[in-house]
Amino acid sequence: MTIMRKSHPLMKIVNHAFIDLPTPPNISGWWNFGSLLGLCLMLQIFTGLFLAMHYTSDTMTAFSSVTHICRDVNYGWLIRYMHANGASLFFICLYIHIGRGIYYGSYLYKETWNIGILLLFLTMATAFVGYVLPWGQMSFWGATVITNLLSAIPYIGQDLVEWIWGGFSVDKATLTRFFAFHFILPFIITALVMVHLLFLHETGSNNPLGLPSDCGKVPFHPYYTTKDFMGVILLLTLFMTLVLFFPDKLGDPDNYTPANPLNTPPHIKPEWYFLFAYAILRSIPNKLGGVMALVFSILVLALLPYLHTSKQRSLSFRPLSQTLFWILVSDVITLTWIGGQPVEPPYIIIGQVASVLYFLIILILMPIAGLIENKKLKW
């Protein structure tokens, strides 16, 4: 008699994805972030659902409905702060997941990688429209500034902006549609995650050595379910510490002031996880050029499979490329810091140098390093 998980049509899918999945025996803790992203997504959907039950997407009542959630709804403050800080946690895991993909050459699985980039764009869009919903000062002005960037598109730019706004400024129509987008996008992300996993399981997971591991694969359960559970415990500990002790640490104090179109905040800036892209945008004094650099700063990831010149997949045994990788990580952290600073010397020049270095490392230095390493290994 066959085991039910191997014969039942639905359980068979789960079995092939999470139980009997052949997995490399040597994948490290850096591979935990995929499952942690799944946890973050579920956390965001559930907390978001409960927030949506009490939130009103109207300019007159949006701000006070968030206040009502925090003050009057049972554990509303906890749900709200879990949702707000859950977004930060999501992006921390996302950036580490992408970093691991770059370090270990996972981008050579082109379909999985490209769907991952699409997921990154959708997650950024979801986070942006979600940040507008509390209708505080930074919500309003952030929405105004970022949507206005589309006006840089020749010919159709201004019409496109007014179409997205639903009027001649960010107002009630904008808030209502942003709430609709914020509600539907996580479900689209969930569907794409399934496709992401489908393509990943077609090829099997990569490993730190970047070598084929078909001869020594182990079942996913119990080895990696246990390992992932350990990651979940650590992540939730960190997350609840942040939520319960430092809930406003990653937010902007300006968002505790209701939106006022007549009063501009001294420094308009997005949430911390967009600051690196915002710094790249600001480093170019031309509006269209800045917008193109902003989009390309993410799209450049799609070029990685075509810029891979090394005969080794992973960076594990490539000291020159490793050095460049960690300079790139430092550069992204520098850009994040610059994005939160005012536009004045010395921040302007630091931002410009860091932006040039970002593209220089990815597009030119990393491929050259791969060729040099091939030559040194006499390959």
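Backbone N, Cα and C define each Cβ position, glycine as well.
Feature list (source: Swiss-Prot):
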BINDING   His83, His182  heme b b562 binding site
BINDING   His97, His196  heme b b566 binding site
BINDING   His201  ubiquinone binding site
TRANSMEM  33-53  transmembrane segment
TRANSMEM  77-98  transmembrane segment
TRANSMEM  113-133  transmembrane segment
TRANSMEM  178-198  transmembrane segment
TRANSMEM  226-246  transmembrane segment
TRANSMEM  288-308  transmembrane segment
TRANSMEM  320-340  transmembrane segment
TRANSMEM  347-367  transmembrane segment
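Location within the structure of each feature annotated in Swiss-Prot.
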{"residue": "His83", "record": "heme b b562 binding site", "DSSP (3 states)": "helix"}
{"residue": "His97", "record": "heme b b566 binding site", "DSSP (3 states)": "helix"}
{"residue": "His182", "record": "heme b b562 binding site", "DSSP (3 states)": "helix"}
{"residue": "His196", "record": "heme b b566 binding site", "DSSP (3 states)": "helix"}
{"residue": "His201", "record": "ubiquinone binding site", "DSSP (3 states)": "helix"}
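Among the binding-site residues His83, His97, His182, His196, His201, the residue whose Cβ has the fewest other Cβ atoms within 10 Å is His201. Between the transmembrane segment (77-98) and the transmembrane segment (226-246), the number of CB pairs under 8 angstroms, six or more residues apart, is three or more, so the stretches are in contact. When the Cα atoms are compared, His201 (ubiquinone binding site) and His97 (heme b b566 binding site) turn out to be 17 Å apart. Between the transmembrane segment (288-308) and the transmembrane segment (347-367), three or more CB pairs separated by 6 or more residues in sequence fall under 8 Å, so the two stretches touch. Note: the CA-CA distance between His196 (heme b b566 binding site) and His182 (heme b b562 binding site) rounds to 21 Å. Distance between Cα atoms for His83 (heme b b562 binding site) and His97 (heme b b566 binding site): 21 Å, as a whole number. For the transmembrane segment (226-246), same-chain residues at least 6 beyond its ends with a Cβ under 8 Å from one of its own Cβ atoms are 29, 32-33, 35-36, 39, 78, 81-82, 85-86, 88-89, 93. Outside the transmembrane segment (347-367), and at least 6 residues removed from its termini, the chain residues within Cβ reach (under 8 Å) are 279-280, 282-284, 293, 296-297, 300, 303-304, 307-309, 321, 324-325, 327-328, 331-332, 334-335, 338-339, 341.
His182 (heme b b562 binding site) sits 23 Å from His97 (heme b b566 binding site), taking the CA atoms of both as reference points.
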